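I'd like to ask some things about the structure below.
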Amino acid sequence: MQIQCKTLTFTVSSIPCNPKLPFPSSLTLRSWNPSFPSFRSSAVSGPKSSLKLNRFLRNCASTNQELVVDGETGNGSISELQGDAANGSISPVEVEAEVEEVKVDDLATQSIWGQMKEIVMFTGPAAGLWLCGPLMSLIDTAVIGQGSSLELAALGPATVICDYLCYTFMFLSVATSNLVATSLARQDKDEVQHQISILLFIGLACGVTMMVLTRLFGSWALTAFTGVKNADIVPAANKYVQIRGLAWPAVLIGWVAQSASLGMKDSWGPLKALAVASAINGVGDVVLCTFLGYGIAGAAWATMVSQVVAAYMMMDALNKKGYSAFSFCVPSPSELLTIFGLAAPVFITMMSKVLFYTLLVYFATSMGTNIIAAHQVMLQIYTMSTVWGEPLSQTAQSFMPELLFGINRNLPKARVLLKSLVIIGATLGIVVGTIGTAVPWLFPGIFTRDKVVTSEMHKVIIPYFLALSITPSTHSLEGTLLAGRDLRYISLSMTGCLAVAGLLLMLLSNGGFGLRGCWYALVGFQWARFSLSLFRLLSRDGVLYSEDTSRYAEKVKAA
């Protein structure tokens with residue numbers, strides 16, 4: 001759709017002059033360059049317009065004065081056709097503007113198949129970002145599993161300390177993307193740099209704190225987590241945790257830099273950094289564990305080095321965009337309040353997920369070394385598979401706000417877009433669920449050679465598939481709730497899911513259902529999230545049907 005300026009002629013008449021002014025004056029207007037958001041970046045794309053803008057004089061015009069705004073060819077000028085020069089009228093000021101052509105590529109105007117094609121193309125690079133982290137853990141699991149079942153079991157509680165705790169700092173990622181994107185929309189580069197510097201400082205402070213806490217209390221936390229019955233796996237797990245803990249500052253700073261790039265609509269830079277990091281981790285695991293025999297310590301060193309390299313590459317990518325990624329700024333109390341107030345609902349949501357998966361590992365840990373090892377393998381494959389649905393949540397958060405709160409608000413089109421996301425999510429769930437189930441069922445030797453561990457893995461195949469297949473659709477629904485700023489509901493519903501599923505997990509584990517009971521509790525957790533999100537979106541009071549946006553307006557403004 002091409003949008004161009006048209007000639008506009010209007011007459012200003014019968015406007016009384018202000019008697020307090022020393023002279024009657026003409027009305028001089030400033031040319032207006034409309035901004036139409038494209039679906040990709042919600043900003044005008046194309047060459048920058050060069051405007052010579054005159055000042056807008058808020059005085060009165062003389063009687064029967066006609067103004068013409070001419071814009072036939074894209075250059076606009078304002079001229080005075082009739083006026084009384086003897087009365088001291090200000091001579092017209094010519095305004096020349098090179099008005100750019102705005103190409104509107106609106107996702108909402110496409111057919112449902114066209115929408116799905118665009119969504120798939122958009123989520124490609126984003127999928128890579130979500131895959132690299134779980135891929136590193138999966139590589140560690142596969143390499144360590146070939147050497148020792150004891151170290152494979154130790155990897156379970158160790159990854160809880162190293163990986164799951166990282167997700168509690170997801171609020172840094174959300175706050176960075178939101179604040180950077182908002183500052184860019186204002187075209188204020190200094191404000192963008194200030195926001196990045198503040199969040200880099202917060203990331204550094206949190207990272208150093210976690211590194212110190214890991215060093216001081218890592219062994220105690222692992223002992224309390226695994227229990228007395230599994231004290232034999234604590235030394236190996238602690239070795240892994242202490243080495244990985246050295247990378248805490250780099251991990252959180254890297255998250256801030258990655259999210260800043262995403263806020264600038266750049267997903268390829270972070271993807272390249274994480275691809276290099278994954279390659280370093282894979283090669284390091286093979287060399288240090290397989291050839292040099294360092295075992296779980298070698299896997300930890302390979303992962304730690306890869307995380308530091310990834311953080312440096314992401315910061316370097318920011319520097320190439322003209323921002324200083326090595327500039328840190330201490331935030332004021334009001335700025336801290338803004339950041340944490342914005343990210344609090346997401347923090348609660350992520351904490352609920354982390355706590356439930358931590359409970360899964362906790363109850364599995366009490367069932368013996370072989371069951372811990374089997375659970376570790378299945379959980380790593382599950383995590384690797386579920387991230388394929390995360391880009392659907394990101395897509396909803398990118399494209400839904402314009403249809404829900406934008407100038408061209410259109411709830412029917414928003415519902416059609418959600419339908420496209422759910423269809424893709426359901427299809428992706430079946431495909432990923434089938435492939436993700438086939439790998440541990442047909443090729444368990446990739447992860448372990450222990451027949452007992454393999455047997456325990458096969459016992460949870462059915463609940464594993466049921467939990468995995470619904471996850472992508474759940475992500476698309478929750479992403480829509482986040483886009484609609486229905487933050488209170490999503491945080492409360494996730495907390496409720498945690499409470500009910502946690503109780504079910506405890507009952508099934510203590511009732512003698514073993515590892516299978518743990519995974520059926522996960523099925524209940526995932527399907528409850530899907531059902532509650534779907535119910536809210538189909539409700540007449542939900543963001544897709546309610547015409548009253550006053551409940552969400554303040555949240556959108558604050559964000």
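Including glycine, each Cβ sits where the backbone N, Cα and C put it.
Source: prediction; values computed, not measured.
Below, the features straight out of Swiss-Prot:
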TRANSIT   1-60  transit peptide
TRANSMEM  119-139  transmembrane segment
TRANSMEM  152-172  transmembrane segment
TRANSMEM  198-218  transmembrane segment
TRANSMEM  245-265  transmembrane segment
TRANSMEM  273-293  transmembrane segment
TRANSMEM  295-315  transmembrane segment
TRANSMEM  336-356  transmembrane segment
TRANSMEM  359-379  transmembrane segment
TRANSMEM  423-443  transmembrane segment
TRANSMEM  460-480  transmembrane segment
TRANSMEM  489-509  transmembrane segment
TRANSMEM  519-539  transmembrane segment
What parts of the chain pack near the transmembrane segment (460-480), using Cβ distances under 8 Å and only residues at least 6 beyond its ends?
374, 378, 382, 385-386, 388-390, 392-397, 400, 418, 421-422, 424-426, 428-430, 432-434, 436-437, 440-441, 490, 515-516, 518-520, 522-523, 525-527, 529-530, 533-534, 537, 543-544
Do any residues of this chain, six or more beyond the ends of the transmembrane segment (152-172), have a C-beta under 8 angstroms from a C-beta of it, and if so which?
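Beyond its ends, the transmembrane segment (152-172) has Cβ neighbours at 133, 137, 140-141, 144-145, 199, 202-203, 206, 210, 214, 218, 221-222, 225-226, 230, 233-234, 236-238, 240-241, 244-245, 251-252, 255-256, 259, 296, 339-340, 343-344, 346-347, 350-351, 353-354, 357-358, 361, 364-365, 369-370, 372-373, 375-377, 379-380, 448, 453.
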Using a threshold of three or more Cβ pairs below 8 Å, and leaving out pairs closer than 6 in sequence, do the transmembrane segment (359-379) and the transmembrane segment (245-265) count as in contact?
no
With Cβ-Cβ distances below 8 Å as the criterion, list the same-chain residues six or more beyond the ends of the transmembrane segment (273-293) that contact it, or say none.
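For the transmembrane segment (273-293), the nonlocal Cβ contacts are 128-129, 132-133, 135-136, 139-140, 143-144, 146-147, 254, 258, 299, 301-303, 305-307, 309-310, 313-314, 317.
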